Amino acid sequence: MLNLLTSTQIRQADSHTISKDQISSIDLMETAAVAFTDIFTNQYPQKSTSISIYCGTGNNGGDGLAIARQLKQRGYSAISVKIARFTDKASPEFDANLKRLAEVDVAPVEIKNDNFEGENAVVVIDALLGTGLSRPVEGYYRALIEFLNKIPAKIVSVDIPSGFCCEDHIDPKAAVIHSDLTITFQLPKINFFFPESGAAINRFEIADIGLDEEFLAGQDSHFKLIRREDVQKILRPRKQFSHKGTFGHGLIVAGSDQTMGAALLCAEACMQTGAGLTTACIPPQGLAGLNARIPEIMAIIRERSFTFTDLEKYNAIAAGPGLGYSEETVKLIKDMVLKSQVPLVIDADALNMLSQRLEWLKKLPDYSILTPHMKEFDRLFGQHNTWWGRVETAKKKAAENQLIIVLKNRYTFIVMPDGKVCINPTGSPSMSTGGMGDVLTGMIVSFLAQGYEPKDAAILGTYIHGYCGENYPGYICPPSALVKNIPIKISEIMGENWL
Ligand SMILES: NC(=O)C1=CN([C@@H]2O[C@H](COP(=O)(O)OP(=O)(O)OC[C@H]3O[C@@H](n4cnc5c(N)ncnc54)[C@H](OP(=O)(O)O)[C@@H]3O)[C@@H](O)[C@H]2O)[C@H](O)CC1
Ligand SMILES: [K+]
């Protein structure tokens, strides 16, 4: 997993790299400027593009000056540099790069107050403030940020959008550059994965500046980014002499006479993800649909006052999708919570039952997996105004109850009982349709049934679910189409050793 660090830790990595590689800070700045320019010129290959670079007087601004020089040296002919001289302080690296700018005969314009002249460049490079942000942006900086956010130019931010805080609560009223593209150095910043960053960051790319990988990996951080190689390491190829029993038996307790679709999606996802056997515990009305749509799935019919007598025969159990909320279903879930010897995957209506009976949390088998979206989470653990607050609560509740909480969003947070927060990078807005959660639940319970550890089942299910969705060749990805792609995408991720 990729260790995600705070801005302080990244600064420590700077100085560690500078001393270890025997380079100077200005060298590192030059490396950063070259790395940024490589990505930028790919994005804007036309050398006549009019580009205005707005520089603060710290190292973020220093980067901006070095980038201006790089662009000029690469033949970009319409470069203008504007220095926000709102303080008499300037970093040595900024000063050094200001001198070097003269080498390529770019004469910067100094802005000393808030009467900004018109700006009609096609692209603005935002190098005002970076990870040195230490307080809310006010005064001329705020005015300049608000001015730049209003012009039609595309904005490309250096390292982070100016005014953006890299970790901790994001203040929705803060003055932050709305960047079309953020080219960030070495690591994505933790807050890039929090929904509140959406206004400031349309998309981001990583510029590797050669910081010491060992040092970065050795830093203590709760936040880890799941990478394809992590998933490849967890996935196990199938042995030649295996049979359906080898891959476990998953039980899906879902569906009601009004909402059978969720049960079908969940059950099919469990089968398509590779469980040896899948049984769906459904109402009588659902049987015809189940058999017609997914003949591979076995059924237990939930007649009135149905109770389980043989839960132990299942390797993994998921409950909730489309289950409905009645005295019967509450009794059924209570039965499972108290009787099950294997971790449960609790989703949808079953989560809502849990939120009315929090005492059940402690009764769930250890490492059971809750898969709430934001509203279900707040119903369970109280109203939250920020996602940072939700993640902090999820860490606490996961530890208190020895649970795994899959807090679903564009970048789903998988919160482990040990406080680790594994962030899933896969997925896409094309997946924003009802039924996606039912599929995810089916995928997670399937990996559990196949014998994967709960934390691995949550990681695999979430990563592959998003991977299937983001690779679906359509404007939106229907959940019933996504499930068909699961086996193909798993073998694609595994590469040649999938069998
Ligand atoms: N490893 C890397 O990622 C590298 C990053 N580089 C670049 O360096 C910046 C960080 O540079 P730094 O000099 O630490 O700080 P900034 O340029 O972000 O800010 C400059 C100064 O601005 C002041 N400040 C802080 N908050 C505010 C605010 N709200 N309003 C106004 N001014 C503010 C603060 O100074 P004070 O003395 O006023 O507190 C900052 O020091 C990083 O983002 C990268 O772009 C390196 O170039 C290469 C390696
Ligand atoms: K910036």
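Think of each number as a place in line: the chain as shown, counted from 1.
A Cβ is built for glycine as well, from the same backbone N, Cα and C atoms used for every other residue.
Secondary structure at TYR141 ((6S)-NADPHX binding site), taken from DSSP and collapsed to helix, strand or coil, is helix. Counting every protein chain shown, the Cβ of TYR141 ((6S)-NADPHX binding site) has 21 other Cβ atoms within 10 Å. According to TrEMBL, the (6S)-NADPHX binding site annotation covers 59-63, 130-136, TYR141, ASP159, ALA262, GLY322, HIS373, ASP438.
Every protein chain considered, the tally of other Cβ atoms within 10 Å of the Cβ of ASN60 (K(+) binding site) stands at 26. In the three-state DSSP classification, ASN60 (K(+) binding site) falls within a helix. Residues or ranges marked as K(+) binding site by TrEMBL: ASN60, ASP126, SER162.
According to TrEMBL, the feature AMP binding site maps to LYS408, ASN409, ARG410, TYR411, THR412, GLY437. Less than 8 angstroms from the CB of THR412 (AMP binding site) sit VAL406, ILE423, ASN424, GLY427, THR462, GLY466, each of them six or more residues away in the same chain.
The feature domain 'YjeF N-terminal' is assigned by TrEMBL to 10-217.
Under the heading domain 'YjeF C-terminal', TrEMBL lists 227-493.
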Between GLY437 (AMP binding site) and ASN60 (K(+) binding site), how far is it from one CA atom to the other, in Å?
41
Taking the center of the Cβ atoms of LYS408, ASN409, ARG410, TYR411, THR412, GLY437 at the recorded AMP site, which other residues in this chain have a Cβ no more than 8 Å from that point?
HIS373, LEU407, PHE413, ASN424, GLY427
How long is the line from the C-alpha of GLY62 ((6S)-NADPHX binding site) to the C-alpha of ASP126 (K(+) binding site), rounded to the nearest angstrom?
12
Would you mind checking how many other C-beta atoms are within 10 angstroms of the C-beta on ASN59 ((6S)-NADPHX binding site)?
27
Cβ under 6 Å from ligand 1: qualifying binding-site residues of THR131, SER134, TYR141, LYS408, TYR411:
THR131, SER134, TYR141
Where does GLY437 (AMP binding site) sit in DSSP terms: helix, strand, or coil?
helix
Cβ packing number for ARG410 (AMP binding site), 10 Å threshold
16
Not counting ASN60, ASP126, SER162, residues with a CB within 8 A of the CB centroid of the K(+) site are TYR54, GLY56, GLY61, GLY64, ALA127, LEU128, LEU129, GLY130, SER157, VAL158, ASP159, ILE160, PRO161, GLY163, ILE177
